[in-house]
């Protein structure tokens, strides 16, 4: 790179910082730029994919367990709310605990933490298989398993951003596809193991004993498979920059980050989205049974939804990098709301439910794909700020997931033919965040245009490297573009709303 080009890049950065100080924070948050690819970057991405597949992934099959627990009255003394708590603890508590996992990663090497999580995950499945009361089942399949997941998978949340910059959403989409892949692997296998014992003539006179044997061996199968695959993944995964914090400040949370309005909007979107996500994830199998489908058909619905998530999450990542993460997140959230109200509430047949499960599954992983990269957009690609911001995001998202499925069951109306679903407010939370992104991009654009106007008489080498969007524009056209952009930054309600929906890749 020539001295002139280096000088020009320094001027561009300086001008952009003068227009928007937050850009400075983003640029200065990382002392080393991510390589945005390379062998170990993609190996680590595959490792995160496998870790998600065999930690949070099996939770997608909990709808199968839940269906059997409720319809077959797994424990005589238990009620529906207690069974529902298991799924809520699995996702919700693991998200809450991830905030503290990130804190531990700043003190202890992340592979030590992940290995501890692996041991707890294996142990929790095994203990759940020998549980004799519903309280024990809640403690082992819910509470203890959530702790294991948070330790083994929570440490991976900040690994992808250390490797990628421009390809961040693509890598995150591939990695988070593990949630759907785990559902594909375990939904049918769990159902088949349970049915093998439940329908065995040997237990015809003691059906409940057959059910408990089936559930026990399904849980043991998960303990062995997940334990082995997690061990392989932990061996090969690595981060580009160290996760341990060498500074004297090692707080779990930097509360000052909440003063950033974009981060607060993103947290609100993540919270409300995860509330609806959990209900959709766990309810489809039970909903299938409620409209007269068999257990096998209900598990097939869960499998189709998981398959769609496996396909959809990488596609959402690619689309997010090309069209803009905020744009795709807004669109996906809106479409999930739309399909829930105009499709799910009118679904009464097996084929219709399969179609809904596939369509909704393609979109359902949008938060998993983009909440990490969008958080990095606010605070930077690495460093302490990213760790703290991810911790805040996980902590905030954990609370609604704790009560999401229970809320879904309580919202049921048996006296209504088609009870409506309560979701969609999360879409509104992204509009202020998008307005902030557009405003920041416009400010940087104005700074670049002004710099280009001042250097129209520069050397040819600089002109050849001009932004493609400025190709063919003369000084007068650039001045008009600057005036247009400055009008867009007006401090009034109309301009604010226009910025929120302005067609721009953000």
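Quick reminder: no glycine exception, Cβ is built from N, Cα and C everywhere.
Cross-referencing 20-38, 39-57, 58-76 with TrEMBL places the feature transmembrane segment at 39-57. Checked against TrEMBL, the range among 191-208, 299-316, 353-370 recorded as transmembrane segment is 353-370. By the Cβ criterion (under 8 Å, sequence separation of 6 or more), the transmembrane segment (390-409) is in contact with the transmembrane segment (83-105), since 3+ such pairs are found.
Panel annotation: around the transmembrane segment (171-190), residues 41-42, 45-46, 48-61, 63-65, 156, 160, 163-164, 218, 221-222, 225, 299-300, 302-303, 305-318, 320, 361, 365, 368-370, 372-373 of the same chain, lying at least six beyond its termini, place a Cβ under 8 Å from a Cβ of the stretch.
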